[in-house]
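What follows is a set of notes on a single structure, which appears directly below.
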Amino acid sequence: MVPVRGQITAFRCSQNPTKTIWRTLATAEPPKPKRKRTMFTDKLNQGPSFADFVSGKASNMTIDPLEAARQDPDQRLPSWLKVPIPKGKSFHTLKKDVRELKLATVCEEAKCPNIGECWGGKKSEATATIMLMGDTCTRGCRFCSVKTSRKPAPPDPMEPENTAEAISRWGLGYVVLTTVDRDDLVDGGAHHLAETVRKIKEKAPQILVEVLGGDFRGDLDMASVLARSGLDVYAHNIETVEDLTPHVRDRRATYRQSLSILQRAKETKPSLVTKTSMMLGFGETDEQIMQTLRDLREIKCDVVTFGQYMRPTKRHMKVVEYVTPEKFDYWRDTALKMGFLYVASGPLVRSSYKAGEAFIENVIRKRNHNVGETPRLESASAAQL
């Protein structure tokens with residue numbers, strides 16, 4: 001018989017078999033393991049006590065630090081960052097086209113504030129940024145609102161063909177292709193992107209194609225694969241200054257690695273326009289920005305854009321500073337003096353902001369010039385934006 005806890009059980013004495021010993025088993029349960037502290041517990045401990053409620057001091061106290069950040073005047077948007085709600089016939093037509101053609105755009109996924117402006121004009125002048133290889137990234141940068149996963153769904157092998165067919169029927173003059181980081185793929189998705197570019201050029205050679213790619217985990221050969229695909233603009237964003245990179249970007253993305261990708265693209269095809277983008281407002285200094293511009297010119301990067309970092313959700317990095325339009329104008333002028341061919345700089349500028357409008361005329365002029373001559377591009381200022 002197996003003794004049961006809490007029952008009175010009889011045992012035979014080993015020294016005297018005729019003697020019976022009655023013993024009650026312990027009824028106390030073994031101690032349960034302590035529960036781990038939770039974030040909710042921490043928030044309660046940081047918040048008002050019972051004495052605060054009794055004294056009436058709790059009315060002005062906030063338990064959630066995120067709520068405190070929301071109420072912080074420094075986190076409120078200044079007037080120059082407020083944009084009207086997207087509307088108009090052209091905007092809704094393009095949005096409908098995106099749904100019917102089953103295209104995923106970073107304009108919508110990343111909550112771009114310029115979607116109404118970029119999609120609001122004529123279709124031939126519109127710029128759309130198409131997201132390839134899914135909407136889930138293998139990295140988790142602290143500024144980005146795109147979904148993350150260690151193992152996203154595999155890329156659709158028919159995506160290059162389907163995307164090219166949809167874009168060729170869409171009627172755009174300029175298209176930007178971008179992608180989430182796919183560290184789960186051996187080549188980082190480089191061949192998938194290159195095949196998409198080739199398919200687009202086969203079906204609609206008049207369309208100018210910009211690719212905003214990742215760093216392929218530093219695999220420079222993959223940067224060469226993409227550079228040779230037939231694209232017109234090779235873009236890779238450096239995002240921020242070197243000192244802040246570990247705090248802003250995923251640990252697998254480094255400042256020097258991004259520079260090497262842009263450099264390899266230019267070395268692979270010197271006539272290729274290379275482009276990068278920086279966000280301001282993370283707490284960077286003027287000297288740090290200047291050093292970044294020097295580094296970019298050293299690798300012969302052609303185009304740079306500056307925009308304001310805007311916190312997508314309360315789970316992301318807080319904005320340290322809202323940079324004024326005048327300061328964006330200063331960086332535009334500074335970059336042009338340093339030799340950049342084109343600079344877009346303004347609070348609402350994003351890496352693909354009106355890319356077609358800025359580049360179509362320039363690419364035509366470059367192709368009409370003699371080999372070795374590089375025409376200077378006009379710049380987009382904060383005032384124009």
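Backbone N, Cα and C define each Cβ position, glycine as well.
Among the features that Swiss-Prot reports, [4Fe-4S] cluster 1 binding site is placed at Cys107, Cys112, Cys118, Ser352, with the record citing sequence analysis.
Swiss-Prot lists Cys137, Cys141, Cys144 with the feature [4Fe-4S] cluster 2 binding site. Within 10 Å of the C-beta of Cys144 ([4Fe-4S] cluster 2 binding site) we count 21 further C-beta atoms, all protein chains included.
The annotation domain 'Radical SAM core' is assigned in Swiss-Prot to 122-341 on the grounds of sequence analysis.
For the domain 'Radical SAM core' (122-341), the model's average pLDDT works out to 91. DSSP gives Cys137 ([4Fe-4S] cluster 2 binding site) a strand state. The residues near the [4Fe-4S] cluster 2 site, meaning same-chain residues not in Cys137, Cys141, Cys144 whose C-beta sits within 8 angstroms of the mean position of the site's C-beta atoms, are Arg139, Gly140, Phe143, Ser145, Val146, Thr148, Val180, Asp181, Asp250, in sequence order.
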